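J.: Take a look at the following structure, please.
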Amino acid sequence: MAGKARVHELAKELGVTSKELLATLKEQGEFVKSASSTVEAPVARRLRESFPSAGGAETKSETGAAAPAARPAAKPGAPSPSAAKPGGPRPGPKPAAPAPAAPAAPAPAAPAAPAAAAPAAPSAPVPTPTFNAPKPAQPARPAPAAPAASAPAAPAAPAAPSTGAKPGGPRPGPKAPRVGNNPYSSAPAERPAPRPAPGAPRPGAGQGGSRPAPGQGGPRPAPGQGGPRPAPGQGGPRPAPGQGGPRPPAGQGGPRPSPGSMPPRPNPGAMPARSARPAPGGGGRPGRPGGAPGGRPGGGGGGYRGGGAPGAGAGAGAPGGAAPAGGFRGRPGGGGRPGQRGAAAGAFGRPGGAVRRGRKSKRAKRAEYESMQAPAVGGVRLPRGNGETIRLARGASLSDFADKIDANPAALVQALFNLGEMVTATQSVNDETLELLGGEMNYVVQVVSPEDEDRELLDSFDLTYGEDAGGEEDLESRPPVVTVMGHVDHGKTRLLDVIRKANVREGEAGGITQHIGAYQVLTELEGNERLVTFIDTPGHEAFTAMRARGAKATDLAILVVAADDGVMPQTVEAINHAQAADVPIVVAVNKIDKEGANPDKIRQQLTEYGLVAEEYGGDTMFVDISAKQGLNIDALLEAVLLTADASLDLRANPDMDAQGVAIEAHLDRGRGPVATVLIQRGTLRVGDSIVAGDAYGRVRRMVDEHGQDVHEALPSRPVQVIGFTSVPGAGDNLLVVDEDRIARQIADRRNARKRNALAAKSRKRISLDDLDAALKEHSQLNLILKGDNSGTVEALEEALLGIPIDDEVQLRVIDRGVGGITETNVNLAAASNAIIIGFNVRAEGKATELANREGVDIRYYSVIYQAIDEVEKALKGLLKPVYEEVELGKAEIRAMFRSSKIGNIAGCLVTSGSIRRNAKARLIRDSKVIAETVTISSLKREKEDATEVREGYECGLTVTYSDIKIGDVLECYELREKPRD
């Protein structure tokens with residue numbers, strides 16, 4: 001093979017499939033993509049060595065090629081056919097009944113000699129003129145004790161007809177019977193079964209007419225023609241070993257037996273039970289049993305189609321239609337039993353005889369039984385489970401489900417369609433639909449939570465998150481992480497400003513915190529300087545996720561409550577977050593310097609939520625402070641450190657790979673994606689390969705809260721990390737891995753999982769019931785959100801999706817991101833008819849010009865509740881208008897006039913309100929509504945057209961309802977749009 005070998009070429013050479021060869025290559029550690037890929041020469045050599053069957057196949061093919069070559073060579077190579085035949089006694093015209101005189105001498109030797117000749121037939125080319133040898137014997141009874149003299153006689157008999165006899169005159173039976181093929185050479189009672197061997201015919205089963213006369217035989221083959229055998233049942237396979245052996249070459253047969261040497265014909269009473277049954281082919285009487293003088297077997301049965309029993313037309317006992325010692329060519333349909341040896345199809349179809357159905361295997365029966373038990377949904381057969389649990393990721397498709405249960409995805413699609421759900425095979429499906437489909441098939445579908453799925457993902461890379469490596473001796477103390485929580489405007493950021501001696505509050509829009517910040521400050525306790533890490537969380541209701549995130553990443557929480565305001569909804573929510581995270585709480589009662597402040601009231605209110613002050617016998621420390629005046633700030637810090645030392649084990653291993661959490665992230669114009677990361681364990685260094693959520697990268701730079709570069713960050717240290725390829729999500733776990741390749745693979749798989757889950761969540765389920773409504777035009781508000789950091793975008797999206805609106809209107813966030821508004825966002829908005837909301841960001845470059853040209857609406861906000869209010873108003877504007885009915889007046893019909901052009905004209909008196917032309921009216925008769933919607937088509941006052949007639953005036957009018965009578969009342973009304981609340 002020139003050049004490199006391809007996989008499919010090697011598979012063809014080795015006699016295996018390409019799939020098997022690919023599996024072998026995979027086991028050997030070779031990466032081959034497909035069957036058309038090439039492999040190197042050493043690999044190909046190893047493959048040839050690993051498949052020994054290839055060599056065996058070659059040897060087998062060589063042997064098989066040699067065998068046919070040797071076989072025809074023997075025929076012309078036997079020079080003695082003509083010499084051998086005259087040497088033996090050859091019967092002339094056969095007498096009518098020579099059988100009774102001859103059988104005495106050869107009968108005893110008949111059973112043993114041919115049976116022993118079968119195994120020795122190929123090795124005995126020299127014929128022996130023994131008259132006992134050609135007698136047919138039972139093909140299935142080997143006799144090991146046969147005399148050796150009988151062995152060379154076996155091939156002698158059938159060899160004669162292949163070359164033909166020299167003397168002239170056609171003879172019907174020029175061939176001697178084959179040794180071992182006469183089923184009647186021994187007593188029939190010795191046969192254990194009617195069919196001695198799979199390919200052998202039943203004795204006497206051939207349907208035949210009368211035997212031809214001695215001189216009426218067909219033309220014998222010309223001398224020297226040793227090729228085709230004029231066997232009646234030719235085309236059947238050679239008999240198996242033990243059934244007479246292979247046919248010897250022509251010209252090596254013994255002398256033709258005389259009539260006196262033939263065994264007596266058995267009487268019908270000695271026949272086997274099944275031999276007397278007519279052949280399945282039908283159409284003629286059963287063939288003669290054979291064994292007549294001259295060695296001619298029974299003839300073929302009558303009937304053209306299917307011509308008799310298996311083996312019809314063959315010699316008596318010839319296995320599977322093999323050439324007999326004599327007789328004419330059999331009728332069509334000859335051959336062995338259908339489905340067995342000798343059952344080759346001929347020009348007239350399959351061999352004759354009734355078709356017998358084979359027995360089903362256990363596997364086939366099992367498959368049929370399981371298909372009967374399989375559930376059918378709408379005519380679709382589905383696999384049946386036994387209550388097995390199938391684990392699927394959130395947002396999995398039907399193809400994923402089908403792979404788990406080894407089913408056809410198309411069947412699952414059709415089954416869901418019959419259940420009323422329209423999905424495709426690759427579409428992300430929500431959890432309820434997967435559970436519904438699994439229940440129909442008796443499977444328990446378990447949707448894996450994102451946490452478990454992420455844990456399994458990390459386990460596949462031999463990574464763990466959340467545990468310190470090493471033992472107790474490797475742990476070192478670390479600073480506590482404190483989160484400041486509370487209601488909006490209760491003074492959380494002002495408290496942090498006092499602690500940090502900075503002013504962050506003035507920089508926040510609207511005076512409320514819309515970001516989550518992390519700082520590390522140095523404080524003093526009992527003469528020792530201690531580091532404390534503070535995390536500031538927003539108090540606005542839209543930032544619930546931020547507060548929950550801050551509670552999870554913290555060791556201790558400071559709950560700020562205004563003394564003049566009391567416990568508020570976000571205060572309760574902050575308490576719940578802290579208690580859910582099992583975080584101890586220190587309560588700071590702020591604004592005690594204001595009038596109306598009542599710290600005792602705060603203590604009483606918080607008692608209802610499980611925060612009992614120490615002075616009330618509890619274990620929660622309360623500190624009264626004033627962030628504005630700076631009162632008791634040191635006492636608050638001391639309480640924080642005391643609580644942390646008393647109830648927390650603040651230790652971590654700084655020598656392991658860093659693990660942490662991304663508190664917030666944003667896109668900086670000059671630095672790219674920037675994430676504020678809190679290190680929880682290990683040490684983060686510049687140059688480490690990191691992955692956080694679906695973002696990955698390498699640490700290029702780290703900056704602390706003061707803008708100073710940091711080369712390594714120890715546990716409990718908040719830093720800004722620069723070097724991500726994309727903006728990570730707020731709250732994503734940060735992990736250091738060995739190399740960038742692993743980080744990229746983890747990020748890509750997380751991104752795919754997130755995308756599938758989002759697709760399953762955002763796509764509305766369309767059932768067959770509401771298909772008509774779904775196809776109609778419906779109102780939908782598409783939004784594109786851009787913000788200054790990921791936490792704000794997340795909070796804004798959750799707040800907008802939580803707006804209570806009617807089902808008639810849908811709110812869909814088609815894109816979200818961190819950073820300025822780009823031209824790509826504008827193009828997407830123009831294509832999807834969306835509105836762009838920029839939160840603390842502006843349009844970049846020519847995005848504004850493109851938006852004006854495309855007619856895209858861009859809204860800028862700096863306070864989150866303003867964005868929520870305006871989007872809510874826009875959604876309510878998309879709702880279908882709600883109308884209310886306003887009564888205009890009533891008119892009583894006093895007279896009726898008939899006009900050939902117009903029809904009925906009603907003369908009315910307006911009893912109340914006014915009547916207007918083209919207004920809607922209700923026809924009332926005897927206090928019953930006759931017509932609900934009637935339009936006043938024309939209105940006249942005297943002979944002049946009028947648009948309105950007031951109370952007390954008469955008028956003439958026509959309506960779009962003909963059945964009006966005197967005394968009817970027309971109640972006129974109009975529909976006015978009702979403003980929504």
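Cβ atoms are placed via backbone N, Cα and C, with glycine included.
Features from Swiss-Prot:
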REGION    31-370  region 'Disordered'
COMPBIAS  64-87  compositional bias 'Low complexity'
COMPBIAS  88-111  compositional bias 'Pro residues'
COMPBIAS  112-121  compositional bias 'Low complexity'
COMPBIAS  136-145  compositional bias 'Pro residues'
COMPBIAS  146-165  compositional bias 'Low complexity'
COMPBIAS  256-269  compositional bias 'Pro residues'
COMPBIAS  270-279  compositional bias 'Low complexity'
COMPBIAS  280-339  compositional bias 'Gly residues'
COMPBIAS  356-365  compositional bias 'Basic residues'
BINDING   486-493, 536-540, 590-593  GTP binding site
REGION    486-493  region 'G1'
REGION    511-515  region 'G2'
REGION    536-539  region 'G3'
REGION    590-593  region 'G4'
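Describe the structural context of each listed feature in the structure shown, including burial, neighbouring residues and relevant distances.
T.: Taken as a whole, the region 'G3' (536-539) shows an average pLDDT of 62 in this prediction.
Long-range contacts of the region 'G4' (590-593) within the same chain, counting only residues at least 6 positions beyond its ends with a Cβ under 8 Å from a Cβ of the stretch, are 490-491, 495, 560-565, 599, 624-629, 631.
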J.: I need the least crowded one of these binding-site residues (Gly486, Asp489, Lys492), counting other C-beta atoms within 10 angstroms of each C-beta.
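T.: Each of the binding-site residues Gly486, Asp489, Lys492 was scored; lowest Cβ tally within 10 Å is Asp489.
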J.: With helix taken as DSSP H, G or I, strand as E or B and everything else coil, how many residues of the region 'G4' (590-593) land in each class?
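T.: The counts are 0 helix, 1 strand, 3 coil.
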J.: Count the other Cβ atoms sitting within 10 Å of the Cβ of Ile592 (GTP binding site), across every protein chain shown.
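T.: Its Cβ has 18 other Cβ atoms within 10 Å.
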